[in-house]
Amino acid sequence: MSRGSRLHRWPLLLLLLLLLPPPPVLPAEARTPAPVNPCCYYPCQHQGICVRFGLDRYQCDCTRTGYSGPNCTIPELWTWLRNSLRPSPSFLHFLLTHGRWFWEFINATFIRDMLMRLVLTARSNLIPSPPTYNIAHDYISWESFSNVSYYTRVLPSVPQDCPTPMGTKGKKQLPDAQLLGRRFLLRRKFIPDPQGTNLMFAFFAQHFTHQFFKTSGKMGPGFTKALGHGVDLGHIYGDNLDRQYQLRLFKDGKLKYQVLDGEMYPPSVEEAPVLMHYPRGILPQSQMAVGQEVFGLLPGLMLYATLWLREHNRVCDLLKAEHPTWGDEQLFQTARLILIGETIKIVIEEYVQQLSGYFLQLKFDPELLFSAQFQYRNRIAMEFNQLYHWHPLMPDSFWVGSQEYSYEQFLFNTSMLTHYGIEALVDAFSRQSAGRIGGGRNIDHHVLHVAVETIKESRELRLQPFNEYRKRFGMRPYMSFQELTGEKEMAAELEELYGDIDALEFYPGLLLEKCHPNSIFGESMIEIGAPFSLKGLLGNPICSPEYWKPSTFGGEMGFNMVKTATLKKLVCLNTKTCPYVSFRVPDPHQDGGPGVERPSTEL
C-alpha cells in the first residue's frame with residue numbers, strides 16, 4: 001500500500017470515531033461503593049479496641065478485657081462468673097435507696113468501710129489511667145499522655161469517613177441543635193428536684209467544677225486552661241502563678257481582701273489587678289477579684305468565693321499561731337493543702353451524698369485505698385465536661401427573703417452580696433429548691449443557649465453515640481426511645497429526628513433519660529458521672545500515702561481540720577451568725593426555728 005493512500009484514510013478514521021456513541025455512564029448506585037470503615041460499626045465490645053487494616057478489615061484488641069473472639073464477646077470463665085453474680089445498676093440503686101434501718105446498722109459497723117472501698121475501686125477502675133485518647137489522637141500516643149493542654153476522652157471519636165454522623169446508624173444529618181433545645185430541653189413548668197436539692201447545692205456545683213472545667217476558647221473545645229486537671233483550687237488561687245501572685249497579700253500566707261461594713265470580702269480589681277469578666281460600665285472598684293475570672297456572673301458564685309477566701313485567711317491565722325517561725329510561703333502553701341482536703345471531704349460526704357440519695361453514708365478516708373492498686377493522678381475527660389452541664393438546676397427566679405429577683409436583676413449583681421451579707425444569702429439559697437436535672441424539659445429559657453452550645457460542641461468533638469457510652473460503663477444499651485424516656489410522646493419525636501436509638505447523642509441522652517423514682521436524674525448520669533468524680537477526688541495527691549499524714553497539713557490541728565470539715569463549718573466559722581445551711585431544703589415538718597442562729601461552740 002502506498003504512503004499516499006494511508007494518509008487519505010486517517011481523516012476517515014477520525015470521522016468514524018467522532019460519530020460513534022459515547023460509552024455508557026453507569027448510574028451512581030451501580031458503581032462499586034467505597035468500602036465503609038469497619039470501625040464505624042463499633043464492632044469491638046467490652047472495651048476492645050478496633051484497629052483498621054487495609055480498607056475493609058479490622059481487628060479487635062481484646063487484651064485484658066476478660067473476653068476473647070473476633071469482637072471480644074466470648075467471656076473467660078472468671079468474667080462469666082463475675083457477670084453472673086453482678087447485680088444490675090438499677091437493682092443496686094434500689095438497694096442503696098431503700099431500707100433506711102438496715103443502712104443505719106451498716107453505717108455503724110466495719111461493713112461501711114468495706115462497702116466504701118468496693119465502691120471506690122469499682123468506680124475508679126472504669127476510668128483509664130494513664131489517659132488514652134484526645135481530640136487529635138484516636139489511638140494511644142505520647143501526646144495524649146504528656147500534653148495536659150488537652151482534655152482526655154474515654155472513647156475515641158466517631159471515625160471521619162463513616163456513612164452517618166454517629167457511625168452507621170441514624171440519619172445522614174443530625175437534628176438542628178436549636179430544635180432539640182426547644183422541643184426537649186426548654187422548661188414548660190419548673191420541676192423541683194424530688195430529692196430536695198437546693199440552690200446552695202447548685203451554686204456549689206458551679207463554683208467547684210469551674211476549677212477544672214475551663215475550656216480554651218482560643219484553642220477549641222478539646223483543650224483546657226485548667227492544667228491541674230483536678231481539685232487544685234485554681235478557682236480560688238488562680239490557674240497560673242501570675243494570677244496567684246496578684247491575689248496574694250504576701251503577709252502571713254494570706255490572700256488580699258477588703259473590709260466592707262466590718263466583713264471580709266474579695267479585693268476589688270483595683271487592689272488585685274486580674275482579669276475578671278464583667279459587663280462594660282461596671283467600675284473596677286465594684287468588681288471583685290478572685291481566682292476564676294467568670295465568678296462575677298452570679299452572686300451565688302461570689303458567695304462561695306468569699307467563704308473560701310475567709311476560710312483560707314482563718315486557717316493561716318491558726319497555722320501562724322502553731323508555727324510562729326514559718327514564713328509567708330509555707331503558711332500559704334499549707335493552708336492551700338488544708339483547703340483542698342476540706343473541699344474533697346465536703347464533696348464526698350455531703351455533695352455526692354446528696355446527689356446519690358443513698359442511705360449508705362459515704363466516707364472520705366484515703367487510707368481505704370492504700371492496700372489497692374491506685375494511681376494518684378487525674379486527667380479531666382471531655383465526656384465529664386459535657387455531662388456536667390446541669391443547667392436544669394437553675395430556677396425560674398431567685399428569692400432572698402420576700403424579694404424576688406429575675407435573671408436580669410440577678411446576673412452580674414455586684415451589690416447583692418454586700419447588701420444582704422453572707423448569712424442572709426446562705427439562708428435564702430439553702431431554702432430554695434433547685435430543679436430536677438434528668439427527664440427533659442426543665443431548663444429555663446435564660447440558660448437554654450448553654451445546653452444548645454453543648455450539643456454543638458459534642459458534634460465538633462465527634463462523641464460516640466449515647467448507647468456506646470452506656471456499654472462502656474457497664475450498662476445495657478437501650479433498645480428504643482420509649483425505653484429511654486419512659487413515655488411515648490418524646491420518644492416518637494426523638495425517633496422521627498434521629499431515626500435510630502443507636503444514633504442518639506451523648507448529652508441529649510443523659511438529660512432525656514427517665515429518672516430513677518424520686519431521683520434527680522437517671523441511671524446513666526450516675527453510672528457515668530460517679531467514676532469520673534470519685535477518680536478525680538481520690539486521685540488527688542493529698543490522698544496518697546506520701547501526702548496523707550499530719551505533717552503535710554502543719555500537724556494534727558490541720559489534719560483534723562481536713563478530717564472534720566463540713567459545709568456548716570465552712571459557713572459558720574466564717575460568719576458572725578450561723579444561718580440554716582445545707583445542700584437540701586429544710587424539712588417543712590422540722591424547720592420551725594429561726595432563719596439565723598448563733599454559731600455552735602461544737603463547730
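Backbone N, Cα and C atoms are what each Cβ position is placed from, and that goes for glycine too.
Around His210 (active site, proton acceptor), the C-beta neighbours below 8 angstroms that are at least 6 residues distant in the chain are His235, Gln292, Val294, Phe295, Leu301. According to Swiss-Prot, the feature active site, proton acceptor maps to His210, an assignment based on sequence analysis.
Feature annotation from Swiss-Prot assigns active site, for cyclooxygenase activity to Tyr388. Other Cβ atoms within 10 Å of the Cβ of Tyr388 (active site, for cyclooxygenase activity) number 18 in total over all chains. Annotation note: Tyr388 (active site, for cyclooxygenase activity) sits in a coil segment as assigned by DSSP.
Neighbour density for His391 (heme b binding site): within 10 A of its CB lie 22 other CB atoms from the protein chains shown. The heme b binding site annotation in Swiss-Prot covers His391.
Taken from Swiss-Prot, the feature disulfide bond covers Cys39-Cys50 (among others), and the record attributes it to similarity to another entry. Cβ contacts within 10 Å of Cys50 (disulfide bond), excluding its own Cβ and spanning all protein chains shown: 21.
A helical conformation is recorded for Cys40 (disulfide bond) in the three-state DSSP classification. Annotation source Swiss-Prot lists disulfide bond at Cys40-Cys162 (among others), citing similarity to another entry.
Taking the Cβ of Cys44 (disulfide bond) as centre and 10 Å as the limit, one finds 23 other Cβ atoms among all the protein chains shown. Sequence annotations record features per position, and here Swiss-Prot assigns disulfide bond to Cys44-Cys60 (among others).
Under the heading disulfide bond, Swiss-Prot lists Cys62-Cys72 (among others), citing similarity to another entry as support. Following the DSSP three-state reduction, the secondary structure of Cys72 (disulfide bond) is coil. Cβ environment of Cys72 (disulfide bond): Cys44, Gln45, His46, Gln47, Gly48, Cys60, Cys62, Thr65 lie under 8 Å away, each six or more residues apart in the same chain.
The disulfide bond feature in Swiss-Prot is assigned to Cys572-Cys578 (among others); the stated evidence is similarity to another entry. For Cys578 (disulfide bond), the Cβ neighbour count at a 10 Å cut-off comes to 20, with all displayed protein chains included.
Positions annotated as domain 'EGF-like' by Swiss-Prot, on the basis of sequence analysis: 35-73. Here the domain 'EGF-like' (35-73) has Cβ contacts under 8 Å with residues 79, 82, 158-159, 161-163, 167-168, 464, 468, 471-472 of the same chain, all six or more residues outside its ends.
The feature N-linked glycosylation site is assigned by Swiss-Prot to Asn71 (among others), with sequence analysis given as support. Asn71 (N-linked glycosylation site) counts 18 other C-beta atoms within 10 Å of its own C-beta, drawing on all protein chains shown.
Swiss-Prot lists Asn107 (among others) with the feature N-linked glycosylation site, giving sequence analysis as the kind of evidence. DSSP assigns Asn107 (N-linked glycosylation site) to a helix. In sequence order, Phe359, Leu360, Gln361 constitute the residues six or more apart from Asn107 (N-linked glycosylation site) in its chain with CB-CB distances below 8 Å.
Neighbour count (other Cβ atoms within 10 Å of the Cβ, all protein chains): 14 for Asn147 (N-linked glycosylation site). DSSP assigns Asn147 (N-linked glycosylation site) to coil in the three-state reduction, outside any helix or strand. What Swiss-Prot lists as N-linked glycosylation site is Asn147 (among others), and the listing cites sequence analysis.
For 1-27, the entry in Swiss-Prot reads signal peptide, with the evidence type sequence analysis.
Residues annotated as site 'Aspirin-acetylated serine' in Swiss-Prot, with similarity to another entry given as evidence: Ser533. Ser533 (site 'Aspirin-acetylated serine') falls within a helix when secondary structure is assigned with DSSP.
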Using a 10 Å radius around each Cβ and all protein chains in view, which of these disulfide-bonded residues has the most neighbours: Cys162, Cys572?
Cys572
Looking at the recorded positions Cys50, His391, Ser533, Cys572, which has the shortest Cα distance to Cys40 (disulfide bond)?
Cys50
Taking only the CA atoms, the spacing between Asn71 (N-linked glycosylation site) and Cys572 (disulfide bond), expressed in whole angstrom, is 57
Local Cβ density at Cys40 (disulfide bond) - other Cβ atoms counted within 10 Å:
21
For the domain 'EGF-like' (35-73), mean pLDDT (0 to 100):
96
What is the interatomic distance between the Cα atoms of Cys39 (disulfide bond) and Cys162 (disulfide bond), given in whole Å?
9
Spatial separation of Ser533 (site 'Aspirin-acetylated serine') from Cys50 (disulfide bond) - C-alpha basis, Å:
27
Round to a whole number and give the Cα-to-Cα distance in Å for the pair Asn147 (N-linked glycosylation site) and Cys572 (disulfide bond).
41
